[in-house]
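Novice: Below is a structure I'd like to ask you about.
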Amino acid sequence: MRLIFLGPPGAGKGTQAKHLTERYGIPQLSTGDMLRAAVAQATEVGKRAKAVMDAGQLVSDEIVNEIVSDRIDAPDCAKGFILDGYPRTVPQAVALDRMLEEKNLKLDAVIELKVDEAALVRRMENRVAETVAAGGTVRSDDNPEAFRRRLQEYREKTAPLSEHYARTGRLKTVDGMADVKTVTAEIEKILA
């Protein structure tokens with residue numbers, strides 16, 4: 001099972017991916033985690049990524065695509081994977097399609113969690129309040145202003161992926177505002 005989760009920050013992608021990882025025994029592939037692992041393991045592409053990051057620049061699509069390609073080849077991805085945070089742009093999606101085709105693999109579904117942005121901001125504020133009340137540490141980007149910037153970036157760069165995958169017939173939409181169990185049940189129906 002090969003999946004992509006789409007949706008803005010705070011939509012519940014990580015929560016749903018964790019459930020599917022446990023249920024189906026497939027890894028959740030986070031771009032950030034893959035990048036850090038490639039750098040730590042000093043792979044060829046990891047060395048190139050490190051040089052770019054050390055120079056204070058953004059890692060190119062070419063390098064990110066290569067890191068994803070290498071990760072998909074890992075033994076734990078034999079039964080499938082869930083991509084989280086990749087692709088972020090239509091050019092990355094096109095590269096992923098080409099990459100999977102070359103490996104004789106296909107995406108089973110692209111699941112978009114549709115959410116109300118104002119409700120997302122409230123959800124984030126509640127999460128911060130609960131974390132603080134429990135004595136936990138709050139992420140630096142978990143404040144309303146930073147969160148709104150992340151939503152704006154999502155709208156500009158990542159939201160066009162919905163149209164791309166809708167054109168290919170692979171996009172499935174789920175109401176991400178429902179409770180976690182309901183969202184999980186809807187995703188399970190799509191995957192059945």
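Positions of Cβ are set from backbone N, Cα and C atoms, glycine also.
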Novice: To which of Ala55, Ala74, Ala78, Ala178 does Swiss-Prot also attribute binding of ATP at the site defined by Gly10, Ala11, Gly12, Lys13, Gly14, Thr15, Arg127?
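Specialist: Record check against Swiss-Prot: ATP site with Gly10, Ala11, Gly12, Lys13, Gly14, Thr15, Arg127, extra candidate from Ala55, Ala74, Ala78, Ala178 is Ala178.
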Novice: Per DSSP, what is the residue count of the region 'LID' (126-142) in each of helix, strand and coil?
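Specialist: Helix, strand, coil within the region 'LID' (126-142): 8 helix, 0 strand, 9 coil.
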Novice: Ranking the binding-site residues Thr15, Thr31, Gln57 by other Cβ atoms within 10 Å, which is at the bottom?
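Specialist: Candidates: the binding-site residues Thr15, Thr31, Gln57. Fewest Cβ atoms within 10 Å: Gln57.
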Novice: Return the residues near Val59 (AMP binding site) by Cβ distance under 8 Å, restricted to its own chain and a separation of at least 6 in sequence.
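Specialist: Same-chain residues close to Val59 (AMP binding site) (Cβ under 8 Å, separated by 6 or more) are Leu35, Ala49, Val52, Met53.
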Novice: Please indicate, using numbers and ranges, the residues of the same chain that are 6 or more beyond the region 'NMP' (30-59) and have a C-beta under 8 Å from a C-beta there.
Specialist: 66-68, 70-71, 84-86, 88
Novice: Give the residue from the binding-site residues Lys13, Arg127 that has the most other Cβ atoms within 10 Å of its Cβ, counting over every protein chain displayed.
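Specialist: Its Cβ has the most other Cβ atoms within 10 Å: Lys13.
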